[in-house]
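A.B. asks: Before we start, here is the structure in question, set down as structure tokens.
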Amino acid sequence: MASTTSTKKMMEEATCSICLSLMTNPVSINCGHSYCHLCITDFFKNPSQKQLRQETFCCPQCRAPFHMDSLRPNKQLGSLIEALKETDQEMSCEEHGEQFHLFCEDEGQLICWRCERAPQHKGHTTALVEDVCQGYKEKLQKAVTKLKQLEDRCTEQKLSTAMRITKWKEKVQIQRQKIRSDFKNLQCFLHEEEKSYLWRLEKEEQQTLSRLRDYEAGLGLKSNELKSHILELEEKCQGSAQKLLQNVNDTLSRSWAVKLETSEAVSLELHTMCNVSKLYFDVKKMLRSHQVSVTLDPDTAHHELILSEDRRQVTRGYTQENQDTSSRRFTAFPCVLGCEGFTSGRRYFEVDVGEGTGWDLGVCMENVQRGTGMKQEPQSGFWTLRLCKKKGYVALTSPPTSLHLHEQPLLVGIFLDYEAGVVSFYNGNTGCHIFTFPKASFSDTLRPYFQVYQYSPLFLPPPGD
């Protein structure tokens, strides 16, 4: 307790009587009292303080006179104050009032010299605070290092998780867009199928109705003829004997000769049938049920195109020599037609485009322009889809229609319904609808059409591959 009392006494001696705090930059005057330099200076600047004579003042405590020039720094007192500040920060034992200078290794706590002698610490390993401080400081620093590493890992994992969240949301959004797009394409496909089937049904209805109405009209004429004969016979029966017997044999012969011709039976069985569930769940199977084999026609190939021996692959290369200048050959662009011509029915064929960066695919009229002035648009007899680096996927309508596909088709399917005037494009791998041209009216032979780009060969797989 003596140590505590001594410390309190020194604190009182080091306290400025003006600001009542530990002195800052202490200075002493002639009488021996000390003050903060700033406090004593400000004190005598106060107009209420009376001067004894020029630059002479009274000590605030003892009223002894002193001259302002006699202020001198008290370094010894300053050092004491710093020591007191450090001592004031040190922890003391609540039970004994002594400072903690010892550390009990067994209990892991700070103790004073009196605690060390108490029964509860008897036999415990103790050491001076300054002796064990460095060791525990190193342990704490190691713990800090470990925790910082964990914090860094936590931060990395947090960033990684944030990135995963973003990636997951993007993935879900892409899938959401794909689902919407696929269903929209499927709805478009089903709508086109519905129109096609309804058109076929209407055509079948009109054909059968026409035959039935023709037969109905014939029966009307025959009914009138029979009524005329009946009336003639009834008049004879109601007349005189002479009228009845006049040309009676001829009348009877004509009557018995009248027959009701049986027309060829008109079937009421419908041929236009549609299994909607099958269309809905198996588009690819439906398309491939109309698949035909397509090969390339070398007589129409542009001079820069190289055809394989089986005529199923075409590549763009250098000008081919020894080629005729047939009017059937394309000269404006590197194009080639398929050998097969379509004049009726439904047809479907596929083109393996791979990861090529450009191509034009579709069908065209047999008599399209193949030289200067060639335009790929329906008005000129072309129904084609294009992929190019600058504009991506484009349907060559008039004007062109930009397409936004969620996945790159490696296999493109082209579907033609000649009677319905429909040309549609599909992703051959998934069956997803890509685009359908507005309804057209075909009157000429249609042929598969291909335009080949540099480093983007095209391959025509046989049906069923």
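All residue numbers here begin at 1 and follow the chain in the order shown.
Heads up, the Cβ atoms here are built off N, Cα and C, so glycines get one too.
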A.B. asks: Where Swiss-Prot marks phosphoserine, which residue is it, choosing among Ser70, Ser327, Ser380, Ser443?
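C.D. replies: The candidate carrying the phosphoserine note in Swiss-Prot is Ser70.
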A.B. asks: Between 16-63, 256-303, which stretch does Swiss-Prot give the note zinc finger?
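C.D. replies: Feature zinc finger in Swiss-Prot: residues 16-63.
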A.B. asks: Suppose you had to name the range Swiss-Prot annotates as zinc finger; which of 88-129, 382-423 would you pick?
C.D. replies: 88-129
A.B. asks: About how far apart, in whole Å, are the alpha carbons (Cα) of Cys93 (Zn(2+) binding site) and Ser70 (phosphoserine)?
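C.D. replies: Rounded to the nearest whole number, the Cα-Cα distance is 44 Å.
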A.B. asks: Comparing the binding-site residues His96, His121, which residue's C-beta has the most other C-beta atoms within 10 angstroms in this structure?
C.D. replies: His121
A.B. asks: Same chain only, sequence gap of 6 or more: which residues have a CB within under 8 Å of the CB of Cys115 (Zn(2+) binding site)?
C.D. replies: Cys93, Glu95, His96, Leu102, Cys104, His121
A.B. asks: Summarise the zinc finger (88-129) by DSSP state, stating how many residues are helix, strand and coil.
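C.D. replies: Summed by class, the stretch gives 11 helix, 11 strand, 20 coil.
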A.B. asks: What are the other residues, in sequence order, whose C-beta lies within 8 angstroms of the center of the C-beta atoms of Cys93, His96, Cys115, His121 at the Zn(2+) site?
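C.D. replies: So the extra residues in range turn out to be Glu95, Glu98, Ile111, Cys112, Trp113, Arg114, Glu116, Ala118.
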A.B. asks: Can you break down the zinc finger (16-63) into helix, strand and coil residue counts using DSSP?
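C.D. replies: DSSP composition of the zinc finger (16-63): 9 helix, 11 strand, 28 coil.
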